[in-house]
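*Asks:* This is the feature table in TrEMBL:
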type: DOMAIN; residues: 396-771; note: domain 'Ionotropic glutamate receptor C-terminal'
type: BINDING; residues: R473, T665, D706; note: L-glutamate binding site
type: TRANSMEM; residues: 513-534; note: transmembrane segment
type: TRANSMEM; residues: 608-629; note: transmembrane segment
type: SITE; residues: K670; note: site 'Interaction with the cone snail toxin Con-ikot-ikot'
type: TRANSMEM; residues: 791-811; note: transmembrane segment
Amino acid sequence: MMPLTPSPKAILNSLCKEFLSVNVSAILYLMNYEKYGRSTASAQYFLQLAGYLGIPVIAWNADNSGLERRASQSSLQLQLAPSLEHQTAAMLSILERYKWHQFSIVTSQIAGHDDFIQAVRERITEMQDRFKFTILNAVLYTKASDLVTLVNSESRVMLLYCTREEAIHILNHARELKITGENYVWVAAQSVIATGTPPTQFPVGMLGVHFDTSSTSLVTEITTAIKVYAYGVEDFVNDPRNANLSLNTKLSCEGAGLGDSRWETGDRFYKYLRNVSVENDMGKPNVEFTADGVLKAAELKIMNLRPGNNKQMMVWEEIGVWKSWEGEGLDIKDIVWPGNSHTPPQGVPEKFHLKITFLEEPPYVQLAPPDPVTVKCNMNRGVLCRVAREQDVAEMDQFSAHRNSSFYQCCSGFCIDLLEKFAEELGFTYELVRVEDGKWGTFENGRWNGLVADLINRKTDMVMTSLMINSEREGVVDFTVPFMETGIAIAVAKRTGIISPTAFLEPFDTASWMLVGVVAIQAATFTIFLFEWLSPAGFDMKVKVATANRCLEGVLSADGLVVLQVTPAANHRFSLFRTYWLVWAVLFQAAVHVDSPRGFTSKFMTNMWAMFAVVFLAIYTANLAAFMITREEFHEFTGVDDSRLSKPYSHKPMFKFGTTPYSHTDSTIKRYFVEMHAYMRNFNRTSVQEGIAAVNSGELDAFIYDGTVLDYLVAQDEDCRLLTVGSWYAKTGYGLAFSRNSKYVQMFNKRLLDFRENGDLERLRRYWMTGTCKPGKQEHKTSDPLALEQFLSAFLLLMSGVLLAAILLFFEHIYFKYIRVKCAKTDQGGCCALLSLSMGKSLTFRGAVFEAQDILRHHRCKDPICDTNLWKTRHELDLTRLRVLQLERSLDAHGIKPPARHINAPHAGVLMHHRDMTRNHVFTNEFGSRCYRPDEREVQEMETVL
């Protein structure tokens, strides 16, 4: 052990000559000196030099016990004295015992003051699972004004770390600021208590932590230090791995060549010293060290400053012991508390009373009548609040007033729950009063009204409701930080619309429909028809004309002869239009009669078209359901600055919209949208609920108000017909409002930030902003019967078809009246039949006759009565023909020759014989085929039938 001199040069010379010259392997640094000043810096310098040289230090220094955190970073030090961590743990144990959750830290510029604050923070982190602490302030004292922060703080418990002399000045100034009274507790560290008589500036009831620094204790610690060194040397020497190592340092300060500048074995030897375990007194654990060289088990005394036997003298009296190795750790006897009280302070500010003004607005503040029996508010109904004027309530007794719902009601909501948390944390009582004029606070006719006016006139201490922060209000009152963000939003209602008239076309876009209608259908039609035309087994016109049997059709020429013509086979039933009919029937899977092609190629192409139709219909049907549903329509405004709102007269018809007068929304629109404000004045509503009801009923197209309030009301709509549209305008927030320069602003700000950080605000928001609108109710509504307008598109499609059919009927009459005659003269070869068989047959009467004959030829009766009637009819027809023949012969007998019925053919010599009316009306032509030829009268009869 060596005395230290304040000169750095002397310290270095002493280290070189008195320590290094004798090859020391460890330094025992023990002292009970508690005078903080230059000696502190000297000790720190000496310990750092030892660390640079690699020499382990076994220390027990009362005044430098706070330096081990810093010294351990560059030195090899073992600290036998209770560390700074032990002191902070003991101080926080006192706070935990008396349930003091919040406190402040006051330090001077004493060596290790940063380490003290850091140690407190680390200990709080370790204890956060079982006890929650909050550091309200950390004051570094340099002048008296630094303590003013504590005056405005909620802190009533202070942890003090400084020298004894500095503590005298700090506590003297604290007494002047009245923060050492019976409601304030000061807990001091070892450096403040020290030894000797306590100064008179120290307040009664002060607490502190202390360990024995007497000479007797010092001698005991010297013995412990020697044991630590001896056990370390023994362990080092007994380790076979150290056989080639020596504890001879061989260090020199004279330069290179005379010795090493750092003992390399020192780090290794330090580990053996740190791992020793030395027996301690009875009942105490062995002396052991942590990885940082700090004592594992420490014991500290809890001291209490109280009057001594001489009432004028103050003494530090031991009232308990803190033991780090015990679970509870703290054992305290009776304490004399500040102000000579025998009960501990609350550790929080004393209760104060606030008059709080509000204005109801769900979900922030909502009103409900109290219980008629108990005249109290249930748990879910909040707290009792006055809604009548003070002079009206003063005329009645309190019990009667509480029973009258026009005087008192129950207030609940987001703001009330938040107010309850404030009251619990800050410890105040309050009275809730509704603003008398029922206005939010706007500047009208040169003066403020509503909530803001009450604050300006100091009729209330605080406004707690959904009061929006804006620049005008901030100019006359003080706001806290916002507890909820908001802006001006728009609420509209959904309207059940009809299905779009073109809903059946919407599964595909225009390009897809054009591709199907213009390309796919046309390509398939012409391809099938072309393949049928070119197929050998199909309708090849060239082959059929050359090889097919033809009937000789007689047409009377100008010279009275019948001219023969060759036409396409009458039994062919395929044309371009019928190809279109086939393609459309296959595409829509219509159950109608169609004529199939004959050729194999055209049949294959028809099957390919059928495969395309299957895929097309599957896709179309799957997507059609999504479009054939009722659509909900609403006015999708982009925001308050939407031209349909900001310039209401520019849109026809004009929209009906409004807000509530004398609100933030109303004043904002009045300032920035003058025309809009003047227009909507006729549609304003006195309350938000009225405005929402007007939107729901259709009286208003939109309602403009605070975004969060509208979101809540939209969520409360059971029919889910309401929604907010557009972006928020003039974004701001809700804040607590106070009179100018109110002393409460800072404490409420502090708590609001804490609530936001720990999630309390978010939990309140989720609880109160949740609505009852549930998708399940909408699903139930979809099972209601469909109204006519919900499938109007089907009727529109049918009506369009009827109109198109009427137009086609008109064109059909035009064709038969004007166009058919011209086509009959020009279409001698029957080419129109290729386009449409019906059209080709309509051009010649022969075609119509052949069709009628075909019908008659293939007619079969289904019962005997029909056969009998048919035989009778044919018999009557034969008799009629015989009678006609007799009449012709009578005419011939009287010299009247009936006109001969002949047919003239291009081949001369062809004679047409008269028909035998008793036989079938057939004859054999030159090609060998039997053809039926009706006479002119028979043709007329058939025409009548057709």
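A Cβ is built for glycine as well, from the same backbone N, Cα and C atoms used for every other residue.
In TrEMBL, annotation is done automatically, which means it is predicted and not curated.
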*Asks:* Give the nonlocal contacts of the transmembrane segment (513-534) in its own chain as ranges (CB under 8 Å, at least six residues past its ends).
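*Replies:* Answer is 505, 540-541, 574, 576, 579-580, 582-584, 587, 597-599, 601-602, 605-606, 609, 612, 616.
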*Asks:* Rounding to the nearest whole angstrom, report the longest C-alpha distance spanning R473, T665, D706, listed for L-glutamate.
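*Replies:* Largest pairwise Cα separation, rounded: 16 Å.
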*Asks:* Identify, among the recorded positions R473, K670, the residue whose Cβ has the fewest other Cβ atoms within 10 Å in this structure.
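*Replies:* Looking at the recorded positions R473, K670, the Cβ with the fewest others within 10 Å is that of K670.
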*Asks:* Averaged over the domain 'Ionotropic glutamate receptor C-terminal' (396-771), what pLDDT does the predicted model reach?
*Replies:* 83
*Asks:* For the recorded L-glutamate site, whose residues are R473, T665, D706, find every other residue on that chain with a C-beta no more than 8 angstroms from the centre of their C-beta atoms, and list them by sequence position.
*Replies:* W440, L467, M468, N470, T486, I488, S663, H664, S667, T668, T732
*Asks:* Could you state the CA-to-CA distance between R473 (L-glutamate binding site) and K670 (site 'Interaction with the cone snail toxin Con-ikot-ikot') to the nearest Å?
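*Replies:* Roughly 16 Å, rounded to the nearest whole number.
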*Asks:* In Å, rounded, how far does the Cα of K670 (site 'Interaction with the cone snail toxin Con-ikot-ikot') sit from the Cα of D706 (L-glutamate binding site)?
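*Replies:* K670 (site 'Interaction with the cone snail toxin Con-ikot-ikot') to D706 (L-glutamate binding site), Cα-Cα distance: 15 Å.
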*Asks:* Same-chain residues six or more away whose CB lies under 8 A from the CB of T665 (L-glutamate binding site)?
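*Replies:* Counting only residues 6 or more apart in sequence, the Cβ neighbours of T665 (L-glutamate binding site) under 8 Å are I488, T659, I704, Y705, D706.
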